[in-house]
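Participant: Okay, here's the structure, questions in a sec.
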Amino acid sequence: MSNVTVIGTQWGDEGKGKIVDWLASRADIVVRFQGGHNAGHTLVVGDQIYKLSLLPSGLVRGKIGVIGNGVVVDPKALMTEIDRVTAQGLVVTPETLWIAENAPLILPVHGALDRAREAARGDHKIGTTGRGIGPAYEDKVARRAIRICDLAEPETLDWKLDELLLHHNTLLAGLGAETFTKEQLKDFLAEITPRLLPFSCQVWDRLDEARRAGRRILFEGAQAVMLDVDHGTYPFVTSSNTVAAVAASGSGVSPSSVGFVLGIAKAYTTRVGEGPFPTELHDQTGRTLGERGHEFGTVTGRPRRCGWFDAVLIRRAVRVGGVSGIALTKLDVLDGLDEISICVGYELDGQKIETFPSAPGAQTRVKPVYETMPGWKETTAGARSWAELPAQAIKYVRRIEELIEAPVTLLSTSPERDDTILMRDPFED
């Protein structure tokens, strides 16, 4: 029996929500280990539609949900989300939701700085959601973050707020934005502290006990490898590491506890916001993929850019992300296309290359080298076994496996939870 870690392998929005929900029904504990409330997904359970950004997906299946120390927590957003799902019938208590006491908080000053800096960038925006994720991670690394455990120590909180405001107010004033007083932040924290503190605990200790007891743990990643602050399309990335190794450091478990790493990838590629996108399609095919795939951001509502499957990027994600197998989603969106292209390499300044460059200028200059395959006219929507798939769709999946150097262990053929073909059980690996 193994634990399972789920990560995205593209630029997010790969359909992690459905896959995590599908796996969560077989797990005992579901853990968020990085990111904040800047990414979200939609889960459908019976006649209820849940939109989650911070809460672990397992809560909708009656499992224990964990927010690890690697997550930056906006307490206001968290309480709003808890109130919303509670009104829908979910039970969210300190027994069902554990939050790491050493998780850093996102305060109103972080969002204000995030938005002020993005506005000041003019034509060089990086596409931040303006929710304070980046500034909160900056504070963590600079050792001035307010952590949940600080709320229980008024004296500690007092001097840490002084240090935090000295930094942030200097930046805000320099950007011509409104500054904050200590009283404003104290009032904000005083309001949420009674609700937040009961959920806080030593998550690392509880997870270690669960592991020793043989309980199945599902680690739920946010964003994706190509948005990783080190390995993604920097600076058009998120502010945290998103690879599977962070499941350990972001929740306080040993590296060996990460288990089977399931990378999620769409059968094509999408991206929200700014940044390089070698296989982006600006034609009718791109628009068709967006319309069929309902490609709009869960959190931002922004339309996603669409393009062909990029095997070069996924192969990189497999290697740096530690991916054991791929869950390929939205295969049905490709139904009916005459031809389907896969990016198998790039051209950069007239030379062929087999890996994606790190320099921003080179990333924007690469041109995709495509391999084209015939499409299929039959439908794959709702298929639940290989026997139900068109022969050409199977060839497409097999070619992807060859190019990314990893097996497709799970195939999703519609947004419905049970429209899933399982080739290999990650929990039994």
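The backbone N, Cα and C atoms fix where each Cβ goes, glycine too.
Among the features that Swiss-Prot reports, GTP binding site is placed at 12-18, 40-42, ARG304, 330-332, 412-414. What Swiss-Prot lists as active site, proton acceptor is ASP13. The Mg(2+) binding site annotation in Swiss-Prot covers ASP13, GLY40. According to Swiss-Prot, the IMP binding site annotation covers ASP13, GLU14, GLY15, LYS16, ASN38, ALA39, GLY40, HIS41, THR129, ARG143, GLN223, THR238, ARG302. Positions annotated as active site, proton donor by Swiss-Prot, on the basis of sequence analysis: HIS41. Marked as substrate binding site by Swiss-Prot on the basis of sequence analysis: THR298, VAL299, THR300, GLY301, ARG302, PRO303, ARG304.
Could you place these features in context, so I can see how deep they sit and what lies close by?
Facilitator: Counting every protein chain shown, the Cβ of THR42 (GTP binding site) has 13 other Cβ atoms within 10 Å.
The DSSP secondary structure for GLY40 (Mg(2+) binding site) is coil. Taking all protein chains in view, 18 other C-beta atoms sit within 10 angstroms of the C-beta of GLY40 (Mg(2+) binding site).
Here the Cβ of HIS41 (active site, proton donor) has 23 other Cβ atoms within 10 Å, regardless of which shown protein chain they belong to.
Annotation note: ARG302 (IMP binding site) sits in a coil segment as assigned by DSSP. Taking the Cβ of ARG302 (IMP binding site) as reference, residues of its chain lying under 8 Å away and at least six apart in sequence are, in sequence order, VAL272, GLY273, PHE296.
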Participant: Give the distance between the Cα atoms of ASN38 (IMP binding site) and ARG304 (substrate binding site), rounded to the nearest whole Å.
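Facilitator: Given the Cα positions, ASN38 (IMP binding site) is 15 Å from ARG304 (substrate binding site).
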Participant: Let me know how many other Cβ atoms fall within 10 Å of the Cβ of ASN38 (IMP binding site).
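Facilitator: Summing over all protein chains shown, ASN38 (IMP binding site) has 27 other Cβ atoms within 10 Å.
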Participant: Taking the residues ASP13, GLU14, GLY15, LYS16, ASN38, ALA39, GLY40, HIS41, THR129, ARG143, GLN223, THR238, ARG302, which the record names as binding IMP, find the longest CA to CA distance and state it in Å to the nearest whole number.
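Facilitator: Of all Cα pairs among the recorded IMP binders, the widest measures 34 Å.
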Participant: Tell me, how many other CB atoms lie within 10 A of the CB of THR129 (IMP binding site), whichever protein chain they belong to?
Facilitator: 22
Participant: When you measure from the Cβ of LEU331 (GTP binding site), which residues in the chain that are at least 6 apart have a Cβ under 8 Å away?
Facilitator: ALA267, THR380, ALA393, TYR396, VAL397, LEU411, SER412, THR413
Participant: Express the distance between the Cα positions of HIS41 (active site, proton donor) and GLY15 (GTP binding site) as a whole number of Å.
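Facilitator: Distance (Cα to Cα, whole Å): 8 Å.
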Participant: LYS18, ARG304: which of these binding-site residues has the highest Cβ count within 10 Å of its own Cβ?
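Facilitator: When each Cβ's neighbours within 10 Å are tallied, LYS18 leads.
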